[in-house]
């Protein structure tokens, strides 16, 4: 007993001692903060290193008084709202002299004694300056081509440098422009981009004619040393006598040299030269002021004899010097000089104004201003990170008077906004000036919320080729109004909305957005996260800010590999073909890129320069057109190369194609500097054309035109469209009038003559007005676009005086007065959720009238829905009818995202109500309210998890819904049929906020009804959703009985063919011993390698001339969640690339019939294997047997009609023989370990297809399934065909599949015992069941004969009767007496 008391006392003392001990833990956080200074060489005599140390204290009274070993320290500040007295972050700094390299102990001292702390050590290095820093010039001398951005790039590699250096300054002579070029930026370190530790480059552009034939060597001082850089020879221009004279030199439009008030975006010079080689010439434009915005020049046409240059001057009031240079050897020579002046002014609208609106339902701003019609309105709101919203006519048009449009409309703001807000209005098609910019200060909303939103969590999720940002934010009073994250120094803002909620509410919720990795460039560095609540309180978090009590920090994006900014990251680059002739024929080529380290889940983006586009302040010859989609790489797991499929238009200019690879931001010239010609994509063309369609001739009726009194006439605008080499394809032209901004839209096509006639009917009831061109969009057959008006495109009317191109009518209806139409009625339906839950539909009914002039049948009103996020949705008209009283009824509907307008509501407005006198009126939100009409609707969403639908299939429960949780949730199941008991499930096959799949509920012997609900980690629970679990006949109804199961075993009799042929593995698949193969090791290879069809990705196998098999990639089906077919695409029009005798690629595409008409590219690669090989796909090792054909199938983005729909990729496998007698065929589908298989067999020949149950979906390894499809009813004993569907889930960006096929010779012939067998008439041998039937039937017949014989004898013989009695009667009696 005493021992127990002593033992207890000791434990008590130890516990008390532990309770009152003082402990401090130190953790090194330096690597998380990525401190660059620690990796830099110092220019001074010492280095300054920094370290971030976390301090966790057992008692908040412990204070650090100093740090030992010479460290100075400052505490990292917490964000507002962080309350943690037990943990701190310190930034420690220490200085050391050059050459220092040692480990230093970090240990603090405290205000109280007896504090237990384990010190930590850090490595401190101050790199010795190299004694001689030279450089290696890697750019080929005399390389005459510019890079992607239109600059000459000079690359240098410094010797002796293995760490970053802090500053590099280039000192150029002050008269640098006298030597014919200038540095792109000012003389500072910003001229350079550092590529890892020892590469650097800078960019030059030609600037002026040179004065001298020589140039002083520039110097770069590094660490008080001088390194000399000799510029490439081709950057030394010199004067050449007797320059050739241009054939033509024209300025367009003709009034560009006048100081006129005009609506052109650009003015142009077009020069035509007769030259022998267009690649010898460079056209250069230089403005008089070296600091002015750069103009652009393009080589646009080459018909073999002449070359045409286009010079674009987009800015206002510019005087320029223009030069044409030519190459002689490796030098540039000035050959032509001339001067042009250009002027441009802009029109400014009038009457800016506005007011703040405080309504019982919403808060907002009313816009009031007047302007001529200049195009769509573009709205900008600084509360939402300057997001832009463009809206077409008639949005905002209150009325039209005196050739001016009077705008009046309201936009809702955050419900309780009390902070000042800046609202701006642009006009999107005619200029780039802010026409309306006003700061509004809302009145007091009466709502009190003085706290900024609280950030609970910020992090990233790996998504393969993309990544997700997850944030958890709370604002318990007013709720979160805006969340935006900026990932780079240049604006690249991503906005979160309630649509992105994965758990919780706007008062306390978790959000997720997904971003492709390919868009992340080197500029993606400093993360900025902005939170704004509905009052307007905002909080900005910057990278490395501490944001919560756990001392978590805002980390940088982790998905950029450490070496991604270094040229050493690229190990190889080449193209599948080169020197392609694109004369009148487009080409497809593949770029191969290898990196080290290899990044399987990473996608690069490739941008190419094929078209003319202007970008202000760029100074480049080309800039990627927004219509040119970036080419996203596909990773090939066999070769470890990233592959880009590039479609090159026909008739681009001879020479290297410029390109840029993101996010590494390396262009073709930079890569040429390292990899030489293998980095060049070279094309050649005898004729070249990148000039878009231009209107060369026009005609129209001379103004004024008298409006007829009795009949209808046409006024006609006639245009002659030229595109001499590529040919015009199609276009759109809009003509409006001063009274009718809606105008007339004309669609043009390439049919018929290039002379196009646009007719507008003029009736006796029309008013006098002036008609003009408002918009034009033309494209040629190679995709080159001209547009008017546009900031980026060539103006198709450059040769036309658009100011004069107008038709005025006179006369006509004289009794028109400015009496606008009326709104008779406006009704709004409730919001109805769509089946997939992603949208809500709403219907509007509008009745208008104009009893004076009648409602125009050509102008239909439009209902607009606006939200506080500055989003506007336009209704679509579904029905229009005229009523007995002359009024018009319209029915319209709109589809809005399910959370649109939540929580601040949706405001309504109606614009575009027009009568036959072209009086137009709009009804803003405020107008509808004053008329007593519906002006506001409240859109609510569930503030808890929401189950949209659920189903049970093959032991799996699949639940689709919204906000079903982050990281983990509970599935609650109530059993209704069997007593209303409930269970909670936490184990899922897959889990996301939109879909949960579990196999924890098994089938019952009888049908069972259940109810399911989702409960998230914050305690929110969904409504219960009813679900029926069907009866499964394989399970006995009696739950007390234990069903018997057959032990699983490997295929084959004997198993795996016996020990001499193969062994049974733990997953019950066979490991065959060569040369045996097949599912059960009872086959051998046929030796047939297959023949590839060059017209489609089909493979033909031929064996001994009697057996033929065919594999066909057949079609793609979209299936809805009920299993019904939505649409099917049967593949055709394949393009073919043969890399070598065993590697083949086929490309095709399908166009969706959705609104966006998006193109999905399908790439099928086929590889023939002659020997056994193990390859890796989706982290699975795949054994490839000899004489196997392996497919790799890749598809990029597919536009599903619903997010609940899936795809089926159908592949057919067929086998046939010329034999017709004594033959059987069969087909079989099943599982074989981690694969599904399809086996088609005739006689002893097998076509075997294996389908891995894994795929790569959006860069992630995912499980897929395959099912057999019965589509072919004509199978017979000599011909067997089967379809297998690879079931593809709903995905966003890309998917990769990997089946393989082989033809085998089996040791057994097909017979009627085989699954799904069909035999010829003379091959129908007796199967085992047939033999059993014959034996039983024969025995039964024998018994019948014996009985009949007995009856006959019984009747005619006494002896027979006695025998019968002895055997039968006696036996019966004995049986009864037992």
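The backbone N, Cα and C atoms fix where each Cβ goes, and this holds for glycine too.
In TrEMBL, the annotation transmembrane segment applies to 1331-1354, one of the ranges 1331-1354, 1355-1378. Residues in the domain 'DUF7949' (1050-1084) partition by DSSP class (helix H, G, I; strand E, B; coil) as 3 helix, 10 strand, 22 coil. DSSP labels the residues of the domain 'DUF7035' (689-806) in these numbers: 0 helix, 62 strand, 56 coil. Non-local neighbours of the domain 'DUF7949' (1050-1084) in the same chain are 1172, 1185, 1232-1234, 1237, 1239, 1246, 1248, 1302, 1304-1308; each lies 6+ residues outside the stretch with a CB under 8 Å from one of its CB atoms. In terms of DSSP secondary structure, the domain 'DUF7034' (821-941) contains 6 helix, 62 strand, 53 coil. Averaged over the domain 'DUF7034' (821-941), the predicted model has a pLDDT of 92.
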